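Worksheet for the structure shown next.
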Amino acid sequence: MKKYILSLDQGTTSSRAILFNKKGEIVHSAQKEFTQHFPKPGWVEHNAQEIWGSILAVIATCLSEADVKPEQIAGIGITNQRETAVVWDKTTGKPIYNAIVWQSRQTAEICDELKEKGYSEMVREKTGLLIDAYFSGTKVKWILDNVEGAREKAENGDLLFGTIDTWLVWKLSGGKAHVTDYSNASRTLMFNIHDLQWDDELLDMLTVPKSMLPEVRPSSEVYGETIDYHFFGQNVPIAGVAGDQQAALFGQACFGEGMAKNTYGTGCFMLMNTGEKAVASEHGLLTTIAWGIDGKVNYALEGSIFVAGSAIQWLRDGMRMFKDASESEVYASRVESTDGVYVVPAFVGLGTPYWDSEVRGAMFGVTRGTTKEHFIRATLESLAYQTKDVLCAMEADSGIELKTLRVDGGAVKNNFLMKFQSDILDVPVERPVINETTALGAAYLAGLAVGYWKNQDEIKEQWHMDKRFEPTMEAETSEELYAGWKKAIEATKAFK
């Protein structure tokens, strides 16, 4: 009896295996961290073999601790840190260099050169992205240009490229399936999101041979099976793949046009489903593919906030204002307001809609009466203001007014933050019972492909709300507070 779906969530700092049942509930999970490599300032790399080892380890731990047999698994879904690039030898199956992580800035110079050559507009039109070291394309070029003999091997068809999903499917299937899904392909800077093909003009710009690239498939489909020696003698269908933020949008059941979710992790990622049309952004958002399913492709607008949960960690570890992140809510609730204090947590620059990597964090409105409580509250409020910045851009680009915002991620446990978020946006904020929406989204995609769940309507009914936060703040007050934030942003940008 096929009782479960196994979701593999390969993140930036750890790998997780999560078993879900028919109701979309977590049966068991296992997690394993792996090493971060920083060869030079601003560079971030992972050992792809170590990632693969961590995946095998969490699968084994999860199944044995849950006392679940491999033959009880109906299918495997994979979700992954996006943009991180792996290049490996087709014959030996070994990576020729470390995986270059999405956060890594080692290709910034390549990006500057491409911008100087005037490629920005063409890239934006075809991919919906900006030329930035964040995306996979320049990472692949860097590996081919800097690893001895790599370019020659690539030209001869001996090397393969993949984002982490591709690497894991390739390994699980014993090298039989070299595939990715639409959502991951749309983050590479090499994929045309309108005609759904690898784009020759983009590949020429990056000097990447087409033979390296995986086949692009829908996000919910059987791509292959596990090879028995990697999966306890069983051939289990590998049936769903999506990048982490898109998987969270699916896990939140944001299937309708205009539905949006915000994930509060280290940073924040807000995605709005724009249906079957790619909406070009005039306000600093990315246009991306949400997923491909049932012969259709859904698009999304995406906003990135670089610092969110990490600002709370900074209060805890850097400023030593409390011992546990949950205490931030207690302190923030002790004061009626920030008393005019604003914190702009631009520790690594500002993301959407400003895209300014030069600015740094700042604090405004401090008086002799400012206390620790004001400071903590102002830092928490900054997450809500940044989210409003992104939402304003989304509404302007899409022409869609948001009805409710679904939220997930570590910081959503903070009731003060969620209530303030609702007040500042003037829309209800909904927190689900199951917060593991990324892994759940991948499980749903896999389950649909193997018939474990019938359709998206069945999934929609499984979304249950833990708490709904309604806006109660006077419009005049919230507008005044937000105007103060915009002033703080301008002042921060002026100080460089």
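Numbering starts at 1 and runs along the chain as it is shown here.
Glycine is no exception: its Cβ is also placed from the backbone N, Cα and C atoms.
As recorded in Swiss-Prot, the features of this protein are as follows:
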BINDING   THR12, ARG82, GLU83, TYR134, ASP244  sn-glycerol 3-phosphate binding site
BINDING   THR12, THR13, SER14, THR266, GLY309, GLN313, GLY410  ATP binding site
BINDING   THR12, ARG16, THR266, GLY309, GLY410, ASN414  ADP binding site
BINDING   ARG82, GLU83, TYR134, ASP244, GLN245  glycerol binding site
MOD_RES   HIS230  phosphohistidine
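Structure with Swiss-Prot features highlighted.
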residue: THR13; record: ATP binding site; Cβ neighbours (10 Å): 12
residue: SER14; record: ATP binding site; Cβ neighbours (10 Å): 14
residue: ARG16; record: ADP binding site; Cβ neighbours (10 Å): 21
residue: ARG82; record: sn-glycerol 3-phosphate binding site; Cβ neighbours (10 Å): 26
residue: TYR134; record: sn-glycerol 3-phosphate binding site; Cβ neighbours (10 Å): 22
residue: ASP244; record: sn-glycerol 3-phosphate binding site; Cβ neighbours (10 Å): 27
residue: GLN245; record: glycerol binding site; Cβ neighbours (10 Å): 24
residue: THR266; record: ATP binding site; Cβ neighbours (10 Å): 19
residue: GLY309; record: ATP binding site; Cβ neighbours (10 Å): 19
residue: ASN414; record: ADP binding site; Cβ neighbours (10 Å): 21
C-alpha spacing of ARG82 (sn-glycerol 3-phosphate binding site) relative to SER14 (ATP binding site), in angstrom: 14
Length of the line joining the Cα atoms of ASP244 (sn-glycerol 3-phosphate binding site) and ARG16 (ADP binding site), in Å: 13
Inter-residue C-alpha distance, GLY410 (ATP binding site) and GLU83 (sn-glycerol 3-phosphate binding site) (nearest angstrom): 22
For the sn-glycerol 3-phosphate site built from THR12, ARG82, GLU83, TYR134, ASP244, further residues of that chain with CB within 8 A of the site's CB center: ASN80, GLN81, THR84, VAL101, TRP102, GLN103, ARG187, GLY243
Conformational class of SER14 (ATP binding site) under the three-state DSSP mapping: strand
Spatial separation of THR12 (sn-glycerol 3-phosphate binding site) from ASN414 (ADP binding site) - C-alpha basis, Å: 23
Binding-site residues (THR12, GLN313), the one with most neighbouring Cβ atoms at 10 Å: THR12
Cβ packing number for GLY410 (ATP binding site), 10 Å threshold: 16
Nonlocal neighbours by CB distance (under 8 Å) for GLU83 (sn-glycerol 3-phosphate binding site), same chain, sequence gap 6 or more: TRP102, TYR134, PHE135, SER136, LYS139, THR163, ARG187, THR188
Residues within 8 Å of the ARG82, GLU83, TYR134, ASP244, GLN245 Cβ centre (excluding the glycerol site residues themselves): GLN81, THR84, TRP102, ARG187, GLY243, PHE269
In three-state DSSP terms, the structure that THR266 (ATP binding site) belongs to: coil
Recorded sn-glycerol 3-phosphate site residues THR12, ARG82, GLU83, TYR134, ASP244, farthest C-alpha pair in Å: 15
Using Cα positions only, nearest of the binding-site residues to GLN313 (ATP binding site) (THR12, ARG16, ARG82, GLN245): THR12
Minimum Cα separation from GLY309 (ATP binding site), reported as the residue among binding-site residues THR12, ARG16, ARG82 that achieves it: THR12
Candidate binding-site residues THR13, ARG16, GLN245, THR266, pick with smallest Cα gap to ARG82 (sn-glycerol 3-phosphate binding site): GLN245
Per DSSP, three-state class assigned to GLY309 (ATP binding site): helix
